Amino acid sequence: MDKILNIFLTIPAILIAFTFHEYAHAKVADMLGDNTPKFEGRLTLNPIAHIDPMGFLMILLFRFGWTKPVRTNPSAYKNYYKDDLKVSIAGICANLVVAIVFSILFGIFVRFAFNVLPESYYSVISLMISNIIAINISFAVFNLLPIPGLDGFKILEDLMPKKFNKIGDKLYRYQMLILLGIIFFGGFIISVPVNFLYGKAIKLASIVFTMF
């Protein structure tokens, strides 16, 4: 029963992580002169616009998954590589900001709700907030991986010489196999930075708790 409840309470966390990640890509691209995300309906906080069903299922089951990518037109940017880099890192930054905000809210919630709410309500809300923090951190770290289809690979393309693009084109053919391989077998690698950042987030919540 607890496992089912945890899965159910993970859904809001996934929706928040997916939505803010892709909205950040779309918003930054739009600010830099690319109207493609706006025309395709991606400049929105409606989760439905950003969900990839398979990616949603993967993150629900394994804590690592993907969204529907925001299509952009880098030729619309004034500075192709610098602006494209800004768009690429926007989603990761958005997830980390969300994790920080909810860490602060977590500290405030625990401080004022612990002796006020019934234990069952307190436990459910605490679990929901901690899931939001964990999923956003996991999604940020996962997207930093230099794998075709993820932001980390796009960042590499923007920073590396043009010759790297030829290698990238070959790797893109196997991007789904690589992604699934990382999800099923690479969790222990990703878990190290995720656990480290989650620990820092909880420490931030503790600091906020002591401020009131």
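Heads up, the Cβ atoms here are built off N, Cα and C, so glycines get one too.
Among the features that TrEMBL reports, transmembrane segment is placed at 50-66 (among others).
Residues or ranges marked as transmembrane segment by TrEMBL: 87-114 (among others).
Counting only same-chain residues 6+ beyond the ends of the transmembrane segment (120-145), those with a CB under 8 A from a CB of the stretch are 5-6, 9-10, 12-14, 16-18, 20-21, 59, 63-65, 91-92, 95-96, 98-99, 102-103, 105-106, 109-110, 113-114, 151-153, 155, 182, 190, 193-194, 197-198, 201-202. Annotated transmembrane segment per TrEMBL: 120-145 (among others), in sequence order.
Averaged across the domain 'Peptidase M50' (129-170), pLDDT in this predicted model comes to 84. Feature annotation from TrEMBL assigns domain 'Peptidase M50' to 129-170.
Taken from TrEMBL, the feature transmembrane segment covers 176-198 (among others). Among residues of the same chain six or more beyond the transmembrane segment (176-198), those with a C-beta under 8 A of the stretch's C-beta atoms are 58, 62-66, 99, 133-134, 137-138, 140-142, 145, 147-150.
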